[in-house]
Structure formats: C-alpha cells, structure tokens
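A.B. asks: One structure, as structure tokens, below. Some questions next.
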Protein chains: 2
Amino acid sequence: MSRVWNFSAGPAVLPEEVLRQAADEMLDWHGSGMGVMEMSHRGKEFTAIAAQAEADLRELLAVPAGYRVLFMQGGAIAENAIIPMNLMGDRRVADYVVTGSWSQKSQKEARKYAEVNIAASSEAGGFTTVPAMAEWRLSADPAYVFTCTNETIGGLEYPFEPDLAQIGRGEVPVVADMSSHILSRVIDVSKYGLIFGGAQKNIGPAGLTIVIVREDLLGRAMPHCPTAFDFKTVADNGSMYNTPPTYGIYIAGLVFQWLKRQGGVAAIEAQNVAKAKLLYDFLDASDFYENRIDPACRSRMNVPFFLKDETLNDAFLAEAKAAGLVQLKGHKSVGGMRASIYNAMPLAGVQALVDFMRDFAARRG
Amino acid sequence: MSRVWNFSAGPAVLPEEVLRQAADEMLDWHGSGMGVMEMSHRGKEFTAIAAQAEADLRELLAVPAGYRVLFMQGGAIAENAIIPMNLMGDRRVADYVVTGSWSQKSQKEARKYAEVNIAASSEAGGFTTVPAMAEWRLSADPAYVFTCTNETIGGLEYPFEPDLAQIGRGEVPVVADMSSHILSRVIDVSKYGLIFGGAQKNIGPAGLTIVIVREDLLGRAMPHCPTAFDFKTVADNGSMYNTPPTYGIYIAGLVFQWLKRQGGVAAIEAQNVAKAKLLYDFLDASDFYENRIDPACRSRMNVPFFLKDETLNDAFLAEAKAAGLVQLKGHKSVGGMRASIYNAMPLAGVQALVDFMRDFAARRG
C-alpha cells in the first residue's frame, strides 16, 4: 500500500493511526463481538463511545459549562437553515458578515427565515480580506451575528476572534461556521453563542455535524423547524432524538484521542503555523506562483495559489499526481490551485508539495 | 475474535464480508492511496462509488425510469418533516395510515406543515394489525397517503402493497417508510410516489437516508424547506448539493453488491421467509413464549415476543447474552423481547436463538 499526500478540501485526509484502529476494530469493538457500525445507538457500548467523544471534544476546546455539544446531521449547508430556524425567536433581523462563498451562501439561505442585514462584506475587494470589527454595522437588535471564521474556498481566515464586546455589542450572540478550521487553533468558546462545523475537514467523515451552543439559545425554534433539527430537542435527548451518525461519532472520537496524543489544540496549532509558514513563505518568494489573499487574513488550512502562467495548470496537476500529490485543483469558482493542509496533514506532506512546486517551477519557469 | 448474534433493531448487524472488505480498504481504496472516508465527494473515485451504489440499488429494486434515487441525511425522523415540506404543494391535506409508533410519530410531525387526515388506524386494537385498504377513508384531494409498511417497534408488516388503484384512488401518491424492511422483499416501485428509509437496518450505517421519488413530485417544496432538504435541489445535484455521507454510501454500496451475490431481493426474501417461519412457528408451538400480532401481519424483520412469566425477563436476557445472543430487549414502549432478523442475520443466528429459547424454557418452564 502506498498512501498519497491528499490535499482535498473535504472530505479530507485522516490520521493513519485513526484509520488503522478503525480497520482493526471493524468486526469487533473491544471484545463486544460487534463492529461499531452494528451497535444500537442506545446500547451501553455506543453510549460510552459517544460520551467519551463529547468529553474529549469538550476538553480539547475547553468548552465551558453552560454550553451543549450536539452531534447532528446535514452538514454546514443544512445548518444555514437550521440556525435561523432555531435562533430567530421573536426577533426580525439577523446580521451576517460576508467574507466569501460560504458566508454568502449562509446569508442567502437565512433570507427564507429572517430579514438579513449584511453587517460587513469584503465582496467589493474580491473576498481577499476580513473586514475589521470596527467596520461592522450591526443592526439595532439582531438575533445573532453570523460569521464564517475560515472560508474554505477563498482561503481566508479571521485573524481575530469576533468578540462583539470589543465593539460594545457583547449582548449579541456570535454564530461561527468553523467547519474548516475547528480544532486547528485555540479559541475562546465563551465568546460565541454557537459554533458549528461539518466534520469532514478536521474531525472525521462527512455526515456528522458538530454544534456547540450556549444553553440560553435553546428553546426558541420556529414552529416549522423539523423536530429532528430543533436544538432543544436534540440537546434534551443527548443527540439521540433521531439515530445519530454513529460511525461518524466513533471516528470523530478516535480523531479527538489522536489530537490529545499530539498534545492538544495548542500543540497542533503550532504545527499548523509551521506548515502554513512553509507554504506561504515559498509562495511569496516565488515569481512563478502567487497567493492573492491579504497576508494578515490568509488561512492556515486552505491555501489557494495560482501559477502566473495558467496555461501550465494541467501539466502542474498531472505531474503533481504522478508525484503522489493529489486533490490540488482549486475550487471552480476561484480557479488555480488549492492545498488544504488540515490537522492530519503532516509537515512532511507540505514539504513534499513545496519540493515538487520548486522543481516544477525550475523545469517550467 | 468471537462475533455475537446481534438482534439489534438498528443500527444492526452487517454482513461480515462487507465489514472485512471495508477494513481491508480503510487506508487504500483500490490503489488510490486514500481511504474512502478521505476522498473528495467530487473526485472521480468517490463519484464512481456513488454511481455504482445507485445503479446496484436500482437493479435490486427494479426502480423504473421516472424515479430518482437520493442519498440524504437525517434518517426517517427528519423525513417526517422533509416529506410534507416537499410534497404538500398547493394542497391542504395529507392522509396518514397509522399502524404503530413510527406512523404515529410521522403524522404528528406532519401537522406542522399540513392538515392531517387519519385515513385508517389500528390503534384501538393496540396496533396488532394493518387495516385493509377497503377500510381506508381517504380525503377528497390529499397531497399523498403516508404508510409505514413495516413497524419496527410493534413488529407489524403490511401483508399487501398499498396500491391505491385497487380502491379507485390511483391518482394519489403513496409514500412509504420502508426503513426496516427495504430490500427484504420484492416490491413494485411503480405503485409508490415516494419510498424512503434510514439505512441502519438493511442497508448500512446510520446517517444515510435513501429516498426514491417519482420525478413528477419534485419541485413542490414549501418556501421554508431548507435547500439541503429540497428533493429537487438534491436530485438536480446528484445528491451532492451538500456533502453527502460518503462513507455510508460506500458501505451501502458494498451491502448492495453482497445482496446481488446472494441472488438479489427475491433470493433474500426466500431466506427471510424461512427465518421468520422458524421463529414464529417456534413461538406458536410454545406455551412459554408468545407473539401478539395478527399472524397475517407479522413482520419478517422484527419479531417481538413475550415470556408468559415476565418475572423471568432479566434472567432470559442475561443468559441469552452469556450464550452470545445480544440486543434482545424489547422497545420500552412495548416491553418484552424483540429479535430483529434483517437480511444480514443468517438462518444459523435464528436457529441459535430458537435453540437457546427452547433450552431456557425447558429449564425455567
């Protein structure tokens, strides 16, 4: 077996240790005589797996008391509807900060359920920066302010935590789509009303959605919110009102334990800083490649780049693949290339990419 | 490794061949250098996996042209909301046939979106039978008639296909929740407007929902239906509007191929008939155990039974577990015991259960 360096934006590379353990336990988890996929979600084996996964996630992110962790389905795109259906309560307006494709999609979906105020947007500049909080124009009484703190497609990451107390609006809950950088850096959960993410980048398989929600935001669902997506119902039933994506929770739990063995979020953040610096420094020193994002707002997770001579794109991708470097094609809405370097991508993978890029430039430049 | 006989109602036992193949391919699918969980859902490897899974499901169920197969998230409980949100169109009323816990839950959820007419119910008799179609009182112009053709909790299965043409109402689409018996018996898909099921019984892991829908029913979603759950959006995007539960689709595909190797649905149906007959014949001949369902409507998949002396329940469960027979406790709303004997449960497992039950009765009777 020869593993490739997989730069997919998601679903994405998982730690080999996790995959090996999952393979080993596929037919028999801990002597139970069953694989995890075959276990009743209400049995003692699986409830222990889910409880451990939640406890480890709470430990990794230092989730304070007063927040609930929910294991849901539907991914971030479904949450774009589920969140306003749950959080609007008796308010009319929700505020959105638009910094790229994902927050754009989120605010469009929210218009089904709320009046949307675009509090800030970097669209005019082609989504290459994150508007400073001093520029955000919040409405008078929004139900929440929505942010996407890492834009997977554009390759843009908030260089600050959106702490509304800094602009005198600490009473408004901040919602953050952290799908593509959750667990990649230390955050202060207490600054947020709700954090959510699809699992298929830094956590595990597609089909699992993590929601971390402050308890006072539960119990406001609109009448037409499906019961299975009412946060209060999900919370009251320990994420088992409907059958949860059990195998995804198990794999997420293995990833959380792997992350703890790496030293936790602060330790992986240091590795992520080093990985991103290696790639961005190479890009900045090159006259063959370029990254077009405001350096202060570059994503550590998703690194889009362009060959200055785009007629070489196909050759670049073909030769990269032949060298064992795959999924480097940029999103169709952006073009060029994109290397996603999530937690499970080791520094050696980024080094292999830089080495290939240097060699390609030397031969083709 | 010692595998148990797992009678869980779902998530449930999977074929060992499937689990072995999944374990073998965990780190490297077909020489791609990636596990399936790590693949971009838009890459050529995964799109081939999904296309093959759909083709095999279509072949197994003989899905006619004019029907779309959707791979969704949320399970049957979420579909209880998603279906009326998609199918009500400009109609006011939806008809429900209530035969147990699941159809009861379905009609309650539908009241968020529709006026519900209970066309028939077997509640008065304790949900021990399926009302004959001649007794169904359909409303004048319902958007659809909802049925749950196998009630997992009660252990009740339709002994007929709900073909409304037989009562002169062939114009009304039939919706069928087949979660716990899909692929267990030959059906005529053309009799239905929509068939759905959570995967975690006869198909694969929890977190994947299969929807088979007639094309003329697409495009009627209510304005507040989340885009990710709008059947037309899902269909138009080949089930990839949002990232689908990729690993679940892969496992489902392996189960479909396993089922084809068993000879397809007709062949597995013959096995299911034999398995159910073995267990029900034993129950009927016993004065120690009993099943309380109308014999004509007994489920081949979920067999609830009671010890006539219920003070022996705990001893029964403990001794069964010690004998390697697990997950036999009945649903809390019914009590007693329940053996779920889905496609992946071999006749040998049912025989082992019957042998244990006979021995237990001899010792304790």
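Glycine is treated like the rest: Cβ placed from N, Cα and C.
Bear in mind that TrEMBL entries carry predicted annotations, made automatically and left uncurated.
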A.B. asks: Can you match one of B:Trp5, B:Trp29, B:Trp102 to the pyridoxal 5'-phosphate site that TrEMBL gives for B:Thr152, B:Asp177, B:Gln200, B:Asn242, B:Thr243?
C.D. replies: B:Trp102
A.B. asks: Whose Cβ, among the binding-site residues B:Thr152, B:Gln200, B:Asn242, B:Thr243, has more other Cβ atoms within 10 Å than any of the rest?
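C.D. replies: The largest 10 Å Cβ neighbour count belongs to B:Gln200.
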A.B. asks: According to DSSP, collapsed to three classes, what secondary structure does B:Trp102 (pyridoxal 5'-phosphate binding site) have?
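C.D. replies: Looking at the DSSP assignment, B:Trp102 (pyridoxal 5'-phosphate binding site) belongs to a helix.
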A.B. asks: When the Cα-Cα distance from B:Arg42 (L-glutamate binding site) is computed for each of the recorded positions B:Thr152, B:Lys201, B:Asn242, B:Thr243, which gives the smallest value?
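C.D. replies: In terms of Cα distance, B:Arg42 (L-glutamate binding site) lies closest to B:Thr243.
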A.B. asks: In this predicted model, what is the average pLDDT of the domain 'Aminotransferase class V' (B:4-353)?
C.D. replies: 97
A.B. asks: Cβ under 8 Å from chain A: which of the binding-site residues B:Arg42, B:Thr152, B:Asp177, B:Gln200, B:Asn242, B:Thr243 qualify?
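C.D. replies: Correct list, in sequence order: B:Gln200, B:Asn242, B:Thr243.
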A.B. asks: So for B:Asp177 (pyridoxal 5'-phosphate binding site), how many other CB atoms are inside 10 Å of its CB?
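C.D. replies: I get 27 for this one.
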A.B. asks: Any idea which of the recorded positions B:Arg42, B:Lys201 has the thinnest Cβ neighbourhood at 10 Å?
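C.D. replies: Among the recorded positions B:Arg42, B:Lys201, the lowest count of other Cβ atoms within 10 Å belongs to B:Arg42.
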